[in-house]
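Trainee: Look at TrEMBL and you will find HIS109 tagged as active site, proton acceptor. Annotation comment: TrEMBL describes ASP110, VAL113, GLY115, ASP117, SER119, GLU131 as Ca(2+) 1 binding site. Here TrEMBL flags PRO205 as substrate binding site. Marked as heme b binding site by TrEMBL: HIS235. According to TrEMBL, the Ca(2+) 2 binding site annotation covers THR236, ASP289, THR291, ASP296. The disulfide bond annotation in TrEMBL covers CYS78-CYS157, CYS111-CYS116, CYS163-CYS364, CYS242-CYS277. TrEMBL lists 68-368 with the feature domain 'Plant heme peroxidase family profile'. Per TrEMBL, site 'Transition state stabilizer' is recorded for ARG105.
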Amino acid sequence: MQALRKTISSPAHSSSLIEFYCNDSHHQLFKPEKMASTSVLLSKTILASVVLLATVCACTAVSPHAAGLSEDFYDKSCPQAASIVDAYVTKFLEKDRNFAGAFNRLQFHDCWVGGCDGSVLLNSTETNQAEREAHVNFGLRGVAEIDEIKAGLEHFCPGVVSCADILILAARDATAKVGGPTWSVALGRRDGVNSSALMADTNLPFPVLNFSGLVANFAAKGFGAREMITLSGAHTIGQSHCNGILPHLYNFTGRDDANDTDPAMDKNFAVFLKKLCPQGNRTNTIFIDSTANTFDRAYYKNVLQGKGIFITDSTLITNPVGKKVVTKFSKPGSSFFTEFAAGMVKMGNLGVLTGTEGEIRKTCQFVN
């Protein structure tokens, strides 16, 4: 009975039930004269307990998706929505495989600022500087491509699919198509009508943050240090303008010295980057990973070798816990892919608008 009790008593309420039937003297299950007749009763009791346990677990299971979202949200209103997005993403990747990084970045930069409401796609107006104009959003790509997907969806399902949901689907599909993990996407987000450059610069992490700064930034959104390191793995795909890399190469400690490079950076790698990003050049573009068109673990290997592009990359191994996670993720068979997928699902739940909140934009760059 001890073995039996251990097998089926994980949740506390189930344990209490089993203990009651096994030990309560009123049932007298184990009196010698009743052993034969009670064996069947015991079996039925255990079966009933297991069924009850399964029912309770099913009822109390926590959904990984935010309230108001569901995986079948468009099944009736636009059943072809996911396949249309997928087809467009395929088209864009055939043209430029590095768009995978752009779509990943769009999801992060959207969700981190006021929630996943498509606000990062909005244009500035005469009276408002939108998120895309923020310093931290310098060189953001993929906005026109998302609008093209939206136009395709409007042709088949006008006024139904939000730009916010398109971003989430595109990031997932693009990641999977370049070798990364896939994950279940719940839909039903609506589009926000506000977009602020100041909010973007206030919420998004600048590429010069140290480890504690990154931890604090992610903690403000409900993410732990390990999740921060996991989502930093998005830098395994994509490209960057030199704008975010210059502080890593020049004037690293504020001495106003062109040779003041991060000492943790591999020296030969620093020389290589300086050729691609001369001092003062903000607009040249470079890949941010040695295999930038493939989602893999090379990013973590590069960081361990002193070849992180941004300060926020190299700083991951300045902390013992961070270095341990980076080392683990750099090895085959690690849980990086699984944890990255979970992180993207969690991110997609941030600040969503559902029901009658917000709107469904006709075009992604303008409010209705």
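Residue positions begin at 1 at the first shown residue.
Placed from the backbone N, Cα and C atoms, the Cβ positions cover glycine too.
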Trainee: Whole-number Å distance between the CA of PRO205 (substrate binding site) and the CA of GLY115 (Ca(2+) 1 binding site)?
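Mentor: Cα-Cα distance, PRO205 (substrate binding site) to GLY115 (Ca(2+) 1 binding site): 15 Å.
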Trainee: Validating a neighbour-count step here. Other CB atoms within 10 A of the CB of ASP117 (Ca(2+) 1 binding site): how many?
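Mentor: Its Cβ shell of radius 10 Å holds 29 other Cβ atoms.
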Trainee: Would you report the average pLDDT that the model assigns to the domain 'Plant heme peroxidase family profile' (68-368)?
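Mentor: That stretch averages a pLDDT of 95.
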Trainee: Compare the C-alpha of CYS78 (disulfide bond) with the C-alpha of each of the recorded positions CYS277, ASP296, CYS364, and give the closest one.
Mentor: CYS364
Trainee: Considering only the recorded positions ARG105, HIS109, ASP110, GLY115, HIS235, which residue has the minimal Cα-Cα separation from ASP296 (Ca(2+) 2 binding site)?
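Mentor: Of all the candidates listed, HIS235 is nearest in space.
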Trainee: As a test of the contact definition, list every same-chain residue at least 6 positions from CYS242 (disulfide bond) whose Cβ is closer than 8 Å to its Cβ.
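Mentor: Same-chain residues close to CYS242 (disulfide bond) (Cβ under 8 Å, separated by 6 or more) are LEU276, CYS277, ASN281, ARG282, THR283, ASN284, THR285, ILE286.
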Trainee: Among the binding-site residues VAL113, ASP117, GLU131, THR291, report those whose Cα falls within 10 Å of that of ARG105 (site 'Transition state stabilizer'); none is a fine answer.
Mentor: none
Trainee: Hey, which of the binding-site residues GLU131, ASP289, ASP296 is the loneliest by Cβ count within 10 Å?
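Mentor: Each of the binding-site residues GLU131, ASP289, ASP296 was scored; lowest Cβ tally within 10 Å is ASP296.
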Trainee: Give the number of CB atoms, excluding that of the residue listed as 'heme b binding site' itself, located within 10 Å of its CB.
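Mentor: Around the residue listed as 'heme b binding site', other Cβ atoms within 10 Å: 23.
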Trainee: What other residues of the same chain, not counting THR236, ASP289, THR291, ASP296, have a CB atom within 8 A of the CB centroid of the Ca(2+) 2 site?
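Mentor: Apart from THR236, ASP289, THR291, ASP296, the close residues are ILE237, SER290, ALA292, THR294, PHE295, ARG297, ALA298, TYR299.
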Trainee: Can you tell which of the recorded positions (VAL113, CYS116, CYS157, CYS163, CYS277) has the fewest other C-beta atoms within 10 angstroms of its C-beta?
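Mentor: Each of the recorded positions VAL113, CYS116, CYS157, CYS163, CYS277 was scored by Cβ atoms within 10 Å; lowest is CYS157.
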Trainee: What subset of the binding-site residues VAL113, GLY115, GLU131, HIS235, THR236 lies within 10 angstroms of CYS163 (disulfide bond) at the C-alpha level?
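Mentor: Qualifying among VAL113, GLY115, GLU131, HIS235, THR236: none.
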Trainee: Which one is it: of the recorded positions ASP110, GLY115, CYS116, CYS364, whose Cα lies the shortest distance from the Cα of THR291 (Ca(2+) 2 binding site)?
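Mentor: That would be ASP110, nearest by Cα distance.
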Trainee: I'd like the Cβ neighbour count for CYS364 (disulfide bond), meaning other Cβ atoms within 10 Å of its Cβ, all protein chains included.
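Mentor: A count of 24.
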Trainee: Could you check which of these recorded positions, CYS116, ASP117, GLU131, CYS157, HIS235, ASP289, sit within 10 Å of the residue listed as 'active site, proton acceptor', going Cα to Cα?
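Mentor: Those near the residue listed as 'active site, proton acceptor' - Cα within 10 Å - are CYS116, GLU131, in sequence order.
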